[in-house]
Amino acid sequence: MRYKWQNFNFVKAARPVFIAAIILVLAGIVSISVFGMNYGIDFKSGSSVDISVSKPVEKAKVEEFLNSEDFGKYTFTSGEERISIRFEEALTEAQQQKLDADFKSKFDESASFEINIVDVEIAKEQELNALYGILIASVGIVIYVAIRFEWRFAISAVISLLFVAFMVISIFSFFRLEVNLPFILAILTIIGYSINDTVVIFDRIRENLRFAKLKTDADLTEVVNTSISQTLTRSINTVITVAFAAICLFAFGSEALKMFSLAMILGLLIGAASSIFIASPLWHLLRRKAKPHKTAKPQNAS
Amino acid sequence: MKRLLTFVLVVVVAFGAMIWTSPGLLNSTKLGLDLKGGFEILYEAQPLTGSGPVSKESLIETAKSLEDRANKTGVSEPEVTTEGENRIRIKIAGVSDEATVREMMKKPAELEFRSASGCAADAGYCKVELLGSDFVEGAAEVVYDNLNNPLISIKVKDKEKFGEITTRLVGQNLAIYLDDEMLSDPVVQQPLTDGNATISGQRTIAEAKELADVINLGALPLSLTEKYSQSVGATLGQKSLEETALAGIVASIVILLFMLVFYRLPGFIACICLLVFVWLLLAVFWMMNATLTLPGIAAFILGIGIAVDTNIITAERIKDEIRNGKSVSSALRSGNKNSFRTVIDAHITNIIVGAVLYFIGQGTVKGFAVVHLASIIINIVTNLFLTRFLLQLIVKSGRFNKPSYYGVKESEIRAL
């Protein structure tokens, strides 16, 4: 596997990827500003009710039942074992109990409920909190990587991870997938993995730099390409195993973690690609631009 | 031979300990409300009458009284925490009669001063003399007498009423109740007509302070409004647990097989270390007395992912070195050295993310961060140090020197 890619020019291949990435980011901005996010209960006030039923319940009957109960506007989806209802208003405690009792008596005695009620103030606060979290974590990563490596690695790594996070958010916006608190967890985990991925490659670049003689641009390109190809098997194997864990969670895991795992799968794939085709070439670009300065300075002085 | 024996011994002891303790560990792991049913409510507190800020003392006092009430209903280990300036978060898992418990939680704290006058001999203190609202708000404080013993000084709104009560009850007890629970029953020493009184008999300053806080809370009880609530039915929680556990088991088996097939001997050692990792994480959970919730399980499974990555980095590095023509033992040495730096750098960046989540996040996010941080640290112990130790034992035993044991084909090896 390793040998197949040994002579592949990742740096050169990155150019179209950069262009594609910029287009995707613009598309993402358009999508988020036009469609917005499909906020779930955690970020929008209202009530969400998930009912797990032991026998199939007719959709029309549930609708009729809900209309008769006067709980305000609602939307709902129903599956074989699960009915999810979203009310625009926050249900009061009495309404919750009534819904619980009436549903049980009408449809299924052994139905089990999950009811979430969120006030809009708290919802906004949580979103803001998460955004701060991402920003502070990014700053922390920049500082650490700048100390351990150098600032160009730090800049490239953070641009790459923000790109990954933004792409996942854009995809969720475009496909109208529901965004809840676990989604924020997924974004933060993706950032962790993405930085993990990038650091592994950067570490190799740093190592290879020590033995490299950098006379021409081609030498620098060579170092980046070799480093990526040397770590490629590791990158692919790690993505396969972790993505597999996320896919298992998506396929078998509980309903509450479905969107979390989906975001994880997307983030892992985009993150691995971004470490190879965005972070590393970006460092290459920054480093190449910096080179003439180093040689130019002594000339000015003399 | 000696090294091989040590290896076998370490593995046998580790697995023995795991098999011996695992059933107990699994049983004693506390499950969160999303896995066994229950509810979580975030309250915002406001003074019952009028507006104005909520003092820290009264918020803490309110949280305490909520915890007491929850305990009295017999639910197991309610978690009550204060958040920010005016919020209280309460989590109760495994409750059967949610409606009653919730109703009880919402009532404002009720402070009463009672006497035994006119009561039947065995009825205790039955006559309510004063209510919390009879006291001046925020006036109860700790003062000291001449001998430096703590006293609680209180002020009432209605001097005459208080004068009448204390005159009538001289020499008798006036008991202080919060939510029907007696806190103290001081004896009235003399008629008090100026609306001021001191209560003595508190053994410690902390005790006195607490009683003063309770009286202040009773004078200005907080009303609680639900800002966020999550309630999960017991069967639904059970189902979530089963589904997520299934996902975890399937993922683990496939990952272990993958490691074994792809990396052979290092893969086999990785499998051992991964199992130890999972076991140790559970053990740390138990020691921290932490509650396992759905986001926690998510972090758990992702922790396994990172752990696998650590092993892949090491094994891949060793493969590389063998391919470059090094002998197995020197490949192990330089492979370990090089992969160590990579893994540590990657882990520290992850710790940064985890720490930010822990300090900024609330509720779910915090729960996730705790498991994430714990798994990263345990990962360094098991999948970095234990893996290296075991690999070293195996390699130095000299019996496993064929490159194919490490997943390298002879044809791939470059001559030096």
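The backbone N, Cα and C atoms fix where each Cβ goes, and this holds for glycine too.
Database features (TrEMBL):
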- B:64-116: domain 'Protein translocase subunit SecDF P1' (DOMAIN)
- B:138-221: domain 'SecDF P1 head subdomain' (DOMAIN)
- B:227-394: domain 'Protein export membrane protein SecD/SecF C-terminal' (DOMAIN)
- B:245-263: transmembrane segment (TRANSMEM)
- B:268-288: transmembrane segment (TRANSMEM)
- B:294-313: transmembrane segment (TRANSMEM)
- B:342-361: transmembrane segment (TRANSMEM)
- B:367-391: transmembrane segment (TRANSMEM)
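Non-local neighbours of the transmembrane segment (B:367-391) in the same chain are 7, 10-11, 32, 266, 269-270, 272-274, 276-277, 280-281, 284-285, 288, 290-291, 293, 295-296, 298-300, 302-304, 306-307, 310-311, 314, 318, 332, 336, 340, 343-344, 347, 350-351, 353-355, 357-358, 361; each lies 6+ residues outside the stretch with a CB under 8 Å from one of its CB atoms. Secondary structure of the domain 'Protein translocase subunit SecDF P1' (B:64-116) per DSSP (helix as H, G, I; strand as E, B; remaining residues coil): 18 helix, 17 strand, 18 coil. Averaged across the domain 'Protein translocase subunit SecDF P1' (B:64-116), the predicted model reaches a pLDDT of 78. When DSSP labels each residue, the domain 'SecDF P1 head subdomain' (B:138-221) comes out as 25 helix, 25 strand, 34 coil, counted as helix, strand and coil in that order.
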